[in-house]
Amino acid sequence: MQLLPEGQLRLCVFQPVHLTSGLLILFILKSISSLKPARLPVYQRKPFIAAWNAPTDLCLIKYNLTLNLKVFQMVGSPRLKDRGQNVVIFYANRLGYYPWYTSEGVPINGGLPQNTSLQVHLKKAAQDINYYIPSENFSGLAVIDWEYWRPQWARNWNTKDIYRQKSRTLISDMKENISAADIEYSAKATFEKSAKAFMEETIKLGSKSRPKGLWGYYLYPDCHNYNVYATNYTGSCPEEEVLRNNDLSWLWNSSTALYPAVSIRKSFADSENTLHFSRFRVRESLRISTMTSQDYALPVFVYTQLGYKEEPLLFLSKQDLISTIGESAALGAAGIVVWGDMNLTSSEENCTKVNRFVNSDFGSYIINVTRAAEVCSRHLCKNNGRCVRKTWKAAHYLHLNPASYHIEASEDGEFIVRGRASDTDLAVMAENFLCHCYEGYEGADCREMTEASGPSGLSLSSSSVITLCLLVLAGYQSIQL
């Protein structure tokens with residue numbers, strides 16, 4: 001594709017036309033250049049992957065039962081002793097000296113970030129990263145799970161209020177005759193400064209030491225749309241929470257992936273509220289993914305579970321699989337991560353239940369969605385992008401048409417997909433989805449390679465820019481008439 005010669009671009013934008021039209025052109029060019037390509041997929045150019053992050057290796061250790069996890073492209077156990085995996089989660093006790101308070105109010109590592117040496121923490125964190133991720137060529141998912149406090153003062157409510165209380169006490173003990181307003185101001189400022197430093201410098205350390213890894217914090221960004229019991233619940237993120245997410249630009253700029261979470265309550269099984277809850281959480285993460293200083297949109301991996309939040313062994317219904325995993329894929333996420341705790345492996349019976357579900361309804365649905373995403377990427381985007389809904393609220397999903405495909409489980413535990421997309425299937429995909437091109441590609445079907453990149457990694461063809469200029473100028477002239 002030929003780029004517009006420098007002289008032509010100058011002719012379009014800087015000829016002595018009315019200032020308003022010139023500003024309009026610059027504004028539109030800036031808007032177009034702000035569109036970011038997707039980061040190249042983490043695994044074999046697959047547009048949507050499934051990763052496993054549960055301690056089911058214990059099923060083999062305790063009961064000699066091997067779980068078949070072949071439907072997952074990436075697998076990692078969160079157990080303390082496991083290392084060298086391609087899905088790594090760092091809990092509070094595994095990465096440096098993370099400060100927090102127990103439920104009894106006992107401080108661990110100083111309790112508050114402003115009470116702990118950041119340099120000592122980072123030195124220990126570097127050792128922990130080398131232990132859990134020994135390979136410098138690690139290119140998997142690196143997730144930091146720090147949930148005891150949030151870096152923004154206003155978000156430390158309920159049980160997290162102890163961090164505000166202790167921060168106030170710290171200031172009042174240091175200074176005599178200080179007003180309540182000054183205590184609040186100083187406590188907030190010192191806490192947020194230290195909290196930011198802890199989170200920002202820790203993830204920067206991870207990215208520097210394992211630069212190919214996809215580093216991010218679990219549950220960030222959060223939509224805080226938990227009021228699912230409200231009448232006429234829409235799932236939308238409260239406006240103040242969207243603004244607070246905007247204020248975390250330092251965190252998004254330090255991350256190389258985003259890891260929001262969608263956990264479903266049993267009381268909302270098969271509910272439309274579950275769909276709304278999931279949809280807005282994923283959509284908010286996708287919004288944030290484009291707001292960073294990176295040349296590409298950060299990949300979004302949505303954490304979910306096999307079962308409901310209160311009963312992890314009561315597995316998600318088919319409808320709730322669609323409302324969580326299917327919704328994530330259709331909106332443009334890079335994949336899902338299935339998380340689980342020791343409940344899944346507490347008995348041989350539980351291990352058997354998990355294995356049975358993964359190799360039946362759950363596995364079949366994962367294969368359905370991941371394969372449909374591949375078909376759509378190949379057909380619409382020439383394997384150079386992922387398919388995203390044209391209308392984000394529409395009930396259109398990346399599913400294989402059962403009239404064209406048949407999914408069956410083989411004796412060795414693998415799922416076999418038979419069939420091919422019909423012309424009608426492909427036409428329906430084209431009608432309902434569009435392409436989000438990967439880095440280095442552009443165009444409606446991502447077939448064109450980007451020959452030169454601006455700040456966003458995108459370029460404009462000469463015909464596109466000329467057409468744009470003509471349209472803007474014509475519009476301006478019609479306004480003048």
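Placed from the backbone N, Cα and C atoms, the Cβ positions cover glycine too.
Owing to the predicted nature of the structure, the values given are computational and were not obtained by experimental measurement.
Feature annotation from Swiss-Prot assigns topological domain 'Cytoplasmic' to 1-11 (among others); the stated evidence is sequence analysis.
Per Swiss-Prot, the feature transmembrane segment maps to 12-32 (among others).
Under the heading topological domain 'Extracellular', Swiss-Prot lists 33-455.
Cβ contacts within 10 Å of Cys351 (disulfide bond), excluding its own Cβ and spanning all protein chains shown: 21. The disulfide bond annotation in Swiss-Prot covers Cys59-Cys351 (among others).
DSSP assigns Asn64 (N-linked glycosylation site) to coil in the three-state reduction, placing it in neither a helix nor a strand. Applying an 8 A CB threshold to same-chain residues 6 or more apart, the list for Asn64 (N-linked glycosylation site) is empty. According to Swiss-Prot, the N-linked glycosylation site annotation covers Asn64 (among others), on the basis of sequence analysis.
The annotation N-linked glycosylation site is assigned in Swiss-Prot to Asn115 (among others) on the grounds of sequence analysis. Around Asn115 (N-linked glycosylation site), the same-chain residues at least 6 positions away in sequence with a Cβ under 8 Å from its Cβ are Pro99, Pro107, Leu170.
According to its DSSP assignment, Glu147 (active site, proton donor) is coil. Feature annotation from Swiss-Prot assigns active site, proton donor to Glu147.
The DSSP secondary structure for Cys223 (disulfide bond) is coil. Cβ neighbours within 10 Å of Cys223 (disulfide bond), excluding its own Cβ and spanning all shown chains: 24. Annotated disulfide bond per Swiss-Prot: Cys223-Cys237 (among others), in sequence order.
The annotation N-linked glycosylation site is assigned in Swiss-Prot to Asn232 (among others). Reduced to three states, the DSSP call for Asn232 (N-linked glycosylation site) is coil. The 10 Å shell around the Cβ of Asn232 (N-linked glycosylation site) contains 4 further Cβ atoms across the protein chains shown.
A 10 Å cutoff on Cβ-Cβ distances gives Asn343 (N-linked glycosylation site) a total of 15 other Cβ atoms nearby, all chains included. Summarising the annotation, Swiss-Prot assigns N-linked glycosylation site to Asn343 (among others) and lists sequence analysis as the type of evidence.
Residues or ranges marked as disulfide bond in Swiss-Prot (evidence: similarity to another entry): Cys376-Cys387 (among others). Under 8 Å, Cβ to Cβ, and six or more positions away along its own chain, Cys387 (disulfide bond) finds Pro47, Gly332, Ala373, Cys376, Ser377, Leu380, Cys381, Leu398, Met429, Phe433, Leu434, Cys435, His436.
If you draw a 10 Å sphere around the CB of Cys381 (disulfide bond), it holds 25 other CB atoms from the protein chains shown. For Cys381-Cys435 (among others), the entry in Swiss-Prot reads disulfide bond.
Residues or ranges marked as disulfide bond by Swiss-Prot: Cys437-Cys446 (among others). Of all Cβ atoms in the protein chains displayed, 24 besides its own lie within 10 Å of the Cβ of Cys437 (disulfide bond).
The transmembrane segment feature in Swiss-Prot is assigned to 456-476 (among others).
According to Swiss-Prot, the topological domain 'Cytoplasmic' annotation covers 477-481 (among others).
When each of the disulfide-bonded residues Cys376, Cys446 is scored by how many other Cβ atoms sit within 10 Å of its Cβ, Cys446 comes out lowest. In three-state terms derived from DSSP, Cys237 (disulfide bond) belongs to neither a helical nor a strand segment and is classed as coil. Taking the C-alpha atom of Cys223 (disulfide bond) as reference, the shortest distance to any of the recorded positions Cys59, Asn232, Asn343, Cys351, Cys446 belongs to Asn232. Distance between Cα atoms for Asn343 (N-linked glycosylation site) and Cys437 (disulfide bond): 40 Å, as a whole number. Candidate disulfide-bonded residues: Cys59, Cys351, Cys437, Cys446. Nearest to Asn232 (N-linked glycosylation site) by Cα distance: Cys437.
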